[in-house]
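J.: The structure that follows is given in the form of structure tokens.
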Amino acid sequence: MEKNLKNILVISFGFLLLFTAYGGLQSLQSSLHSEEGLGVASLSVLYAALILSSMFLPPILIKKLGCKWTIAGSMCCYITFSLGNFYASWYTLIPTSVILGLGGAPLWSAKCTYLTIAGNSYAEKAGKNGKDIINQYFGVFFLIFQSSGIWGNLISSLIFSQASTTVEISEENLACCGAYDCMADSTNSTGSAEPSSSLIYTLLGIYTASGVLAVLLVVIFLDQIKSDQAETEKEILEAPSIWSTFLATFQHLKDKRQCLLIPLTMYSGFEQGFLSGDYTKTYVTCALGIHYVGYAMICFSAVNSLCSLLFGKISQFTGRKLLFALAAVTNTACIIALLLWKPHPKQLAVFFVFPALWGLADAIWQTQTNGLYGILFEKHKEAAFANYRLWESLGFVIAFGYSTKLQVYIKLYILLSLLVLSMVTYGAVEYLESKSSTGTPTATKKENVEPLTQETRI
């Protein structure tokens, strides 16, 4: 158990270091590289590459390299993105975004495979239930990993707050913030102080070093999967061929329930894309300055983590319908408020209320949607979760893709319309289930849900 626990901790802290860097950078892309929409374009390309990666790369790389070296190699893909930000241009950020996207799916698949093999191996030796041990391992992993959103954003805010000059934002410039933005570079037009090049390079240096440490941690301390685990590994990796898996993903759309869940799944990508791409730029950076972006996203991450844990436990008492209703009402209220609110530095607390409420709703979307997929499509989980990754990632691609083309109020109306459509189609799924199923399981296997929840976020 001690050796296995050591390996779980190595992977957990490796991911913590890696996503401390990536999470912080993702939150800043729309604000740091607002010129011609470079930042959000890079994120859109990144998620498009993730879609392709999810379809083809994981089984190939894990079979050829093994879990350890797939994890290490994929982590290097993330480091290239940090390096691309040093000299941000269309010729550096777009290629490195593609590289990161291609490395995202193999990284998470190899991690899931490693923890599953390690859990099954220990359970077999100790005479315990494999699912229980695997759940414990994933619990340790997410306990450590989830805090990366806090540390990455805290580092960026602390560094950018070192700026020696503070620009007073005029009322005229503040009019360009919020839902009815001026479709210009909000970070520049408002006159808010941009961080100096030295501060940006300091931040990127810390993020790059964090990524390098993650790779070294895995390379030096993570054990290879032992030969006596080969049978377990073979079991996991001997999936259908890549082409048949690809076809199964789209053949699964023959299921009416899967088609009805597409709007809800895409909405998950849209709402996350709006918060990290639009709210951070046109509300926080525009009215307060870029050094507040990290603090706002810390608020989102902290509430999201706590609520994910909370709703995962109380869902067995409340049922998923009530939780989905709570998320829909919360997001609807936020969208309407964002349409009406004119952000102003004097209303500092309000800037943190929105990401907190957004974190509460997002925790429900993530835990309950994944759980719903696991329950509805228990016999076709691989194809179902491939669809989940596909449609949520497509939501990210579209949200980031049109980010610089439309005013924020239009994006909010799109978000609200998609939310309404999602609730209607989700209601139809529940109606179909109530008619057809005589006894629906009340829980889904944690190992099939939790890892995939995070995988779509790379």
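Each Cβ is built from the backbone N, Cα and C atoms, and glycine gets one as well.
Among the features that TrEMBL reports, region 'Disordered' is placed at 436-458. What TrEMBL lists as transmembrane segment is 39-57, 69-88, 94-117, 137-160, 199-222, 289-311, 323-341, 347-365, 386-404, 410-429.
Can you walk me through where each of these features ends up in the structure?
T.: Through the fold, the transmembrane segment (39-57) approaches residues 26, 28-33, 81, 90, 93-94, 96-106, 242, 245-246, 249, 269, 273, 276-277, 386, 389-390, 393-394, 396-401, 403-404, 455, 458 of its own chain, all at least 6 residues removed from its boundaries and within a Cβ separation under 8 Å.
With a cut-off of 8 Å between Cβ atoms, the residues of this chain six or more beyond the transmembrane segment (137-160) that come close are 4-5, 8-9, 11-13, 15-16, 18-25, 27-28, 111, 115, 118-119, 195, 199, 202-203, 206-207, 289-295, 297-298, 300-302, 304-305, 308, 446-447, 450-451, 454.
Same-chain neighbours of the transmembrane segment (289-311): 23-24, 27-28, 31-32, 146-147, 149-150, 152-158, 160-161, 163, 166-167, 187, 192-195, 275-276, 279-280, 323, 351-352, 355-356, 358-360, 362-364, 366-368, counting only residues six or more beyond its ends whose CB sits under 8 Å from a CB of the stretch.
For the transmembrane segment (347-365), same-chain residues at least 6 beyond its ends with a Cβ under 8 Å from one of its own Cβ atoms are 267-268, 271-272, 275, 279, 283-284, 287-288, 292, 295-297, 299-308, 310-311, 323-324, 326-328, 330-331, 333-334, 337-338, 341.
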J.: Considering only Cβ pairs under 8 Å, which range in 69-88, 94-117, 199-222, 323-341, 386-404 makes the most contacts with the transmembrane segment (410-429)?
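T.: Between the stretches 69-88, 94-117, 199-222, 323-341, 386-404, 323-341 has the largest tally.
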J.: Counting only residues 6 or more past its boundaries, what in the same chain has a CB within less than 8 Å of a CB in the transmembrane segment (386-404)?
T.: 30, 36-37, 40-41, 43-44, 47-48, 50-51, 54-55, 105, 245, 248-249, 252-253, 258, 262, 265-270, 272-274, 277-278, 369-370, 373, 411, 452, 455-456
J.: Grab the same-chain neighbours of the transmembrane segment (94-117) for me: Cβ-Cβ under 8 Å, and only residues 6 or more beyond its ends, written as numbers and ranges.
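T.: Sequence-distant neighbours of the transmembrane segment (94-117): 7-8, 11, 15, 22, 41-43, 45-50, 52-54, 57-59, 61-62, 67-68, 70-71, 73-78, 80-81, 83-84, 134, 137-138, 141, 225, 229, 232-233, 236-237, 389, 447, 451, 454-455, 458.
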J.: Which residues of the same chain, at least 6 past either end of the transmembrane segment (199-222), have a Cβ under 8 Å from a Cβ in it?
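T.: Same-chain contacts beyond the flanks: 6-7, 10-11, 13-18, 20-22, 24-25, 32, 68, 71-72, 75-76, 78-79, 82-83, 85-86, 152, 155-156, 159-160, 162-163.
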